[in-house]
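Pulled from TrEMBL, these are the features on record:
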type	residues	note
TRANSMEM	B:9-27	transmembrane segment
DOMAIN	B:99-305	domain 'ABC transmembrane type-1'
TRANSMEM	B:105-126	transmembrane segment
TRANSMEM	B:138-166	transmembrane segment
TRANSMEM	B:186-205	transmembrane segment
TRANSMEM	B:239-266	transmembrane segment
TRANSMEM	B:286-312	transmembrane segment
Amino acid sequence: MSMTNTTGRKTSRLDRQFDLIRRREEAGQLTNPRGYRFARKFLSNRLAAIGLLIFTIIVLVSVLAPLLTPYDPRAIDLRNILKPPTWAHWFGTDKVGRDLLTRVLYGGQISILVGLGSALASAVVGVLIGCYTGYVGGWRDALAMRVSEIFMSFPQIILVLLLVAILGQSLSNLIIIFILTGWGGIYRLARARMLSLREEEYVQALRSFGLSTPIICYKHILPNALGPIMVNITLSTAAFILAEAGLSFLGLGVPLDIPTWGNILNVAQDLRILENNWWVWLPVGIVISLFVLSVNFIGDGLRDATDPTQQG
Amino acid sequence: MLTYVIRRILILIPMALIISFLVYLGLELTPGDAVSHMISPEMMASISAERLDALRVSLGLEQPFIVRYWIWLQGMLQGNFGYSTAGGVAIHAILADRLPATLELSAVALVFSTIFGCVLGVISALKRGSTTDNVLTVTGMLGVSIPEFFFGLVAILIFALKLQWLPVGGRLLPGYDSYWDHLPHVIMPALVLSIMMTAGVMRYARSSMLDALSKEYIKTARSKGLPEWRVNLLHGFRVALTPVIVLIGFRLPVLIGGSVIIEQVFQWPGVGSEFISAVRSQDYPLVMMIALLSVMAVLTASLLVDILTALIDPRVRLDK
């Protein structure tokens, strides 16, 4: 008796909820329920929300650098060499008296541009190739697969340095090199998703309607593969920022006259600076770590929000 | 099993050939011709132009590209890697000098990270959702987010410059050459190198262990009354190990990549720091040769991973 009672109560409550949803739908208030649920899920992940906050702050202060700091990142001031942090220079000054906070902010612009830009561009290349060849299969697929295998059998940094040696050092070369070495991962992901999605019935239906191949694969299948691709873009942004920092630290990344996070750290190869002038390298290292950490948190949150099976 | 191994090797050979071909193409396109890569500069200075031309003909340099590639490949297989343009030293001599240091560093880092990563990952999986698990997960995220060279700099500052427990860098002081003299030098770079990899292994071991623990046979093992550690280690961990081994194999490129920068930070006299100075001085023969060598190392590692997984998990052998 109690069971029928509870089920009865439950159904009536569900009925009421359903009516509510239907009313909202008719009123046009439920425009994008999927996106809404996604955003709520993402933000309810505490680490992802913290990540997004840190990410936004660092991006904002970097972009707004000219408004936030009175100094020029390249202005040399030989009367203030290697000064520890003061109220005038929050992060102190470097070997030639440049304000380090200013350099960190302006450096952020380039480092984030290189990281995010290369990740987005290599995703576009990888997705364009992966979706198409994965969908049509045959020799195009086999060819693309072999080419990506060749790229991926090089350890990434070895290939990057090899290309730096051949192409020479510049900001645009570095981005090109990152795209060349980075497209393979996203290509494979897009291709793998495509192989399973192309067997779905709606794809057969689209094909029988006579839609062209590019429209089927880019407009109708691609959106279903977007979740893991977004996650991969975030994670490769983190990887590219670390790579830029590493290369510039070695003096082989962005040319030294452009301030980037890696280029600021470059001077820490000098043991005297390492030991006596911590403010030159420690804050910028922490900023890089924080930024990459926030990107990784966002990536994790995105994965949990887009793919519930990966939740651990 | 043998047919499986042979098939894997057969897949590998065309790949190695294509990449060696690309490297040769790169060598041909970069400045300097094959004769200058094959003869040490001291000899080059004392040879007349006619003799050089005669030498080019005798080496087959006027022949078509494919034939030249074939001659070059044969030389490679016999260990004739050509000469570095910077110092005029034979590349095989440079590699013989530098390779042991890199292998030593990588091996120690590999052992460290595998052990730490597996242990922490399994602990994290067994205590799923607890504070320990959360702390380990966030620490792992930190481990993959902090640039390795920054870790290295902080470690040098604390342990070498301030506390003076360990040397700043290098591999050996002159006059000391027993293995135990290496130890203080190798600890810091190896630990720093293994941090990023430990985090990766830990994450993977955790999810793979969770996956294994949710299987039916774990319930069976428990219901048979086996002690908990036996269930976890012999039934759970053994199965969870396969993907972890695969990961370690695929992490080898990361390890090689990491060691390039770490070797530079700690002035470790390995292939990585040689590679960087070759890139700086645009010593193309040396750059290409080290790149080729690293690709071969990666391909060999993936072969070993395939064989190991087949040994651990018989299902893999029967596949395809």
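Note: Cβ is positioned from N, Cα and C throughout, glycine not excepted.
Since the structure is predicted, the reported quantities are computational estimates derived from the model, not experimental observations.
The transmembrane segment (B:186-205) makes no contact with the transmembrane segment (B:286-312): fewer than 3 of their CB pairs lie within 8 A, with pairs spaced 6 or more apart in sequence. Touching of the transmembrane segment (B:286-312) and the transmembrane segment (B:105-126) is ruled out by the presence of fewer than three CB pairs under 8 A, sequence neighbours closer than 6 excluded.
Outside the transmembrane segment (B:138-166), and at least 6 residues removed from its termini, the chain residues within Cβ reach (under 8 Å) are 120, 184-185, 187-189, 191-193, 195-196, 198-200, 202-203, 258, 261-262, 264-266. Sequence-distant contacts of the transmembrane segment (B:105-126) (same chain, six or more residues past either end, CB-CB distance under 8 Å): 132-133, 136-137, 140, 186, 189-191, 193-195, 197-210, 213, 232, 237, 240-241, 244, 248, 255-256, 258-259, 262-263, 268, 270.
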